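As written in TrEMBL, here are the features:
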BINDING   A:SER56, A:ARG79, A:HIS80, A:ARG81, A:GLU87, A:ASN175, A:ALA176, A:ARG177  FAD binding site
BINDING   A:GLU76, A:PHE77, A:MET78, A:ARG79, A:GLU87, A:GLU88, A:SER89, A:GLY90, A:ARG91, A:ARG159, A:ARG186  dUMP binding site
ACT_SITE  A:ARG186  active site, involved in ionization of N3 of dUMP, leading to its activation
There are 4 protein chains.
Amino acid sequence: MKVELVRANASDADVLFAARVSTQGEKTLESAQDAETDASRSKGLINYLMRDRHGSPFEHNSMTFYVQAPIFVFREFMRHRMNSYNEESGRYRQLNGTFYVPAPERNLLQVGKAGAYNFLPGTPEQSELVTAEVRATSTAAFESYQRMLDAGIAREVARIVLPLNIYSSMYVTMNARSLMAFLSLRTTREGSHFPSFPQREIEMVAEQMEDHFARLMPLTYESFNGNGRVSP
Amino acid sequence: MKVELVRANASDADVLFAARVSTQGEKTLESAQDAETDASRSKGLINYLMRDRHGSPFEHNSMTFYVQAPIFVFREFMRHRMNSYNEESGRYRQLNGTFYVPAPERNLLQVGKAGAYNFLPGTPEQSELVTAEVRATSTAAFESYQRMLDAGIAREVARIVLPLNIYSSMYVTMNARSLMAFLSLRTTREGSHFPSFPQREIEMVAEQMEDHFARLMPLTYESFNGNGRVSP
Amino acid sequence: MKVELVRANASDADVLFAARVSTQGEKTLESAQDAETDASRSKGLINYLMRDRHGSPFEHNSMTFYVQAPIFVFREFMRHRMNSYNEESGRYRQLNGTFYVPAPERNLLQVGKAGAYNFLPGTPEQSELVTAEVRATSTAAFESYQRMLDAGIAREVARIVLPLNIYSSMYVTMNARSLMAFLSLRTTREGSHFPSFPQREIEMVAEQMEDHFARLMPLTYESFNGNGRVSP
Amino acid sequence: MKVELVRANASDADVLFAARVSTQGEKTLESAQDAETDASRSKGLINYLMRDRHGSPFEHNSMTFYVQAPIFVFREFMRHRMNSYNEESGRYRQLNGTFYVPAPERNLLQVGKAGAYNFLPGTPEQSELVTAEVRATSTAAFESYQRMLDAGIAREVARIVLPLNIYSSMYVTMNARSLMAFLSLRTTREGSHFPSFPQREIEMVAEQMEDHFARLMPLTYESFNGNGRVSP
């Protein structure tokens with residue numbers, strides 16, 4: 001899983017000027033352009049917005065990520081409809097034969113009931129089986145794909161045999177409010193007000209996005225964590 | 001590909017009462033509740049809305065479809081962010097081993113340049129190759145999936161070897177404006193103002209949705225075709 | 001304030017079939033078309049979805065309301081971007097001179113701090129002042145509007161003198177998930193997980209919408225209340 | 001009308017890297033981070049995207065505007081649901097008594113039929129009437145507002161007598177695709193593929209936004225104009 005921050009226009013100051021227009025109107029413009037802030041009052045205002053779910057001030061910013069992940073991760077990711085996406089195309093391009101194989105530390109056993117599964121480590125034999133099956137099936141599928149391409153079959157037809165663990169790449173742009181909704185559903189954390197049970201692989205992507213967010217908007221991020229990781 | 005209309009609350013009358021509130025305000029309510037319409041004036045009003053791109057009156061309706069199609073079709077479908085989706089889950093359920101195999105009439109050769117490809121029939125040998133490759137790869141992948149499940153591996157891990165041509169199922173709800181945007185991009189028709197080059201398999205789904213739409217909202221549908229199949 | 005339910009395609013059964021496709025795939029179709037449900041299991045499933053914030057199954061339905069309310073209410077209403085709107089137009093139509101005047105029971109005094117105001121009754125003198133001012137200003141503005149129209153001035157210019165308490169009318173269509181988000185922000189209730197401080201007049205509209213929702217989708221409504229009135 | 005560009009992260013290069021991920025996948029990342037572009041090939045690609053309505057690459061950017069305009073303009077503006085808004089609040093703040101009065105060059109006479117009105121200059125007498133009516137009504141309404149505030153009435157109640165021509169202020173954030181949809185509907189231009197008949201005052205705001213857009217994304221802007229000003 002690879003996540004790079006390509007472009008960002010996102011800072012805590014963007015939240016503040018948008019919030020202050022409610023109470024200060026035209027007087028906010030100067031401070032918006034200066035991006036100067038009074039740290040302690042700013043922190044209080046952001047915390048109030050987060051706690052009482054005034055979400056719109058968290059939308060006046062933008063983060064663009066480049067993400068490389070398997071298609072089964074992208075399938076979950078793209079259900080988030082507030083974001084902008086462009087993805088590598090199996091119709092326009094011959095795909096690379098790069099496949100995700102679960103690492104040895106990936107938990108393989110699912111316990112508990114539907115909607116609240118927990119995952120535990122597999123035995124060494126189970127881990128070896130997964131590695132062997134995933135490698136063999138990926139390789140066989142990619143060879144089939146290449147045989148069809150070699151025979152002149154259109155890419156959009158040949159690619160249908162490729163498995164869900166093939167890596168793809170995309171650009172995705174979102175604002176902080178949408179990112180917090182994503183993190184709330186796609187990470188598992190102690191202290192979250194609402195429990196989430198994401199698949200580990202999308203959580204690995206989410207964690208990298210979270211690191212960028214924490215650096216860009218530290219007050220917003222701290223407040224998100226302090227209020228149960230609920231998107232405002 | 002299977003498309004069933006599960007629920008609909010969609011008629012040309014819904015477009016009309018929404019449009020008439022602009023000019024008639026509170027007087028529209030009675031006619032909205034009667035759903036009675038004057039056919040010829042209605043046709044003219046719908047055509048005016050479509051032609052001059054007054055899109056919002058086409059949103060006060062709702063169609064829910066059940067769709068069975070391969071995952072590579074769903075991947076394109078779910079890029080349409082104005083719709084509501086719920087899909088069969090490979091995490092919550094053991095998947096059926098049902099796979100899409102291109103029919104003999106499926107064109108296999110891609111000609112022309114990127115962004116405007118055309119497709120031509122393959123030779124009998126090419127067609128046989130595709131059938132053989134797709135069947136063999138699908139079968140092998142599903143056997144691998146089952147071996148992992150039999151060994152106690154979690155469904156969400158085992159499913160990553162399944163190919164993009166496995167069938168899935170979903171419910172999708174949309175309004176007529178969103179449906180027209182979908183049809184505009186996912187069908188190829190003479191007389192379309194903007195050219196589209198959809199993959200044939202999603203077009204097969206779109207055509208079935210279009211048939212339902214034509215029956216439910218005949219004036220809207222006629223006007224959509226008469227104005228270059230541009231979503232208003 | 002007037003709210004009428006014009007069209008609805010909304011029932012608890014719509015939530016259930018959409019949720020069950022996750023675990024039952026193609027087997028849900030028959031039950032979706034029958035709309036039959038097992039009451040106690042249904043209640044449990046809806047409650048689970050609401051509590052753990054699985055929001056998408058609450059989107060496969062549609063409610064269209066006709067609303068008459070003053071423009072200052074519509075200004076707040078239309079900030080909810082997930083809905084579809086068509087409103088009476090001051091450009092296309094000569095507006096009626098009907099204005100909202102606060103009733104005697106409307107609280108007039110604001111106490112407490114920004115973001116968490118409370119409202120208390122005014123004195124009889126204050127109440128009389130408000131009635132007199134609102135009536136006189138509305139009447140004077142409407143006379144000015146009419147003088148301009150009589151002099152041949154375009155409606156879109158003349159209407160700019162009309163006050164925010166003039167009544168307008170609109171159709172608005174939304175699904176249950178969006179309606180719950182609206183109710184969560186636009187009503188004040190004991191037991192709400194997140195506090196909201198709506199202006200009383202939009203709450204009067206919201207309460208009427210809530211009554212319709214409670215009748216159409218009783219299990220969903222009960223679960224919404226039972227889980228702190230947080231939109232899933 | 002006042003429009004200031006507060007923040008922007010928008011360039012033609014953002015369109016290009018997003019588009020190229022379709023055909024180049026992981027190879028685009030380096031160029032995305034360099035933001036270097038080959039001018040003539042870039043122009044061709046942007047034109048192709050615009051013409052064939054590949055809209056998503058135009059979403060990976062962000063522009064935040066501060067806008068001061070009368071409420072009747074904001075009412076139309078906020079119907080555009082793809083944007084993010086925060087506006088000065090008449091509940092949280094005592095409003096300034098600044099009102100829009102049509103300038104002498106504002107056309108006052110509406111001719112033609114509904115949906116396609118044209119506007120012509122009024123006579124000097126009509127122009128004087130409008131100025132006098134708008135000034136007098138605005139002043140009287142603001143005095144009424146102040147009398148209620150002086151008597152201790154809550155701001156949210158007192159403000160309901162204020163007219164639609166009172167100035168408000170807001171921050172609005174959008175991407176280039178949404179901005180083009182806005183410009184397409186809110187400006188009148190020769191060469192537009194679809195005709196639009198905006199109220200002059202929102203067009204005055206749109207024209208200032210268009211100037212910023214033209215400077216930030218010159219290739220995109222040129223292509224928008226060259227393809228009939230249709231949002232892709």
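Glycine residues also receive a Cβ, built from the backbone N, Cα and C atoms like all the rest.
Its Cβ placed at the centre, A:GLU87 (FAD binding site) has 22 other Cβ atoms within 10 Å.
Closeness to chain B is evaluated for the binding-site residues A:SER56, A:ARG79, A:SER89, A:ARG91 by Cβ distance, with values under 8 Å counted; counted residues in sequence order are A:ARG79, A:ARG91. Candidate binding-site residues: A:SER89, A:ARG91, A:ARG186. Nearest to A:ARG79 (FAD binding site) by Cα distance: A:ARG186. In the three-state DSSP reading, A:MET78 (dUMP binding site) counts as coil. Taking the C-alpha positions, the distance from A:GLU87 (FAD binding site) to A:GLU76 (dUMP binding site) comes to 14 Å. Separating the Cα atoms of A:ASN175 (FAD binding site) and A:MET78 (dUMP binding site) is a whole-number distance of 15 Å. Comparing A:GLU76 (dUMP binding site) with A:SER56 (FAD binding site), their Cα atoms are 25 Å apart once rounded.
Each of the binding-site residues A:MET78, A:ALA176 was scored by the other Cβ atoms within 10 Å of its Cβ; the lowest score goes to A:MET78. A:HIS80 (FAD binding site) sits 11 Å from A:ARG186 (dUMP binding site), taking the C-alpha atoms as the reference points. Using a cut-off of under 8 A between C-beta atoms, the binding-site residues A:SER56, A:ARG81, A:GLU87, A:ALA176, A:ARG186 that neighbour chain D are A:SER56, A:GLU87. Minimal Cβ crowding within 10 Å, among the binding-site residues A:ARG79, A:HIS80, A:ARG177, A:ARG186, is found at A:ARG79.
Here the CA atom of A:SER89 (dUMP binding site) lies 34 Å from the CA atom of A:SER56 (FAD binding site).
Cβ neighbour count for A:SER56 (FAD binding site): 21 (other Cβ atoms within 10 Å of its Cβ, all protein chains included). The binding-site residues examined here are A:ARG81, A:ARG91; by Cβ neighbour count within 10 Å, the least packed of them is A:ARG81. Separation of the C-alpha atoms of A:ALA176 (FAD binding site) and A:ARG91 (dUMP binding site): 32 Å, rounded to the nearest whole number.
Ranked by Cα separation from A:ARG81 (FAD binding site), the binding-site residues A:SER89, A:ARG91, A:ARG186 are led by A:ARG186. For A:SER89 (dUMP binding site), the Cβ neighbour count at a 10 Å cut-off comes to 19, with all displayed protein chains included.
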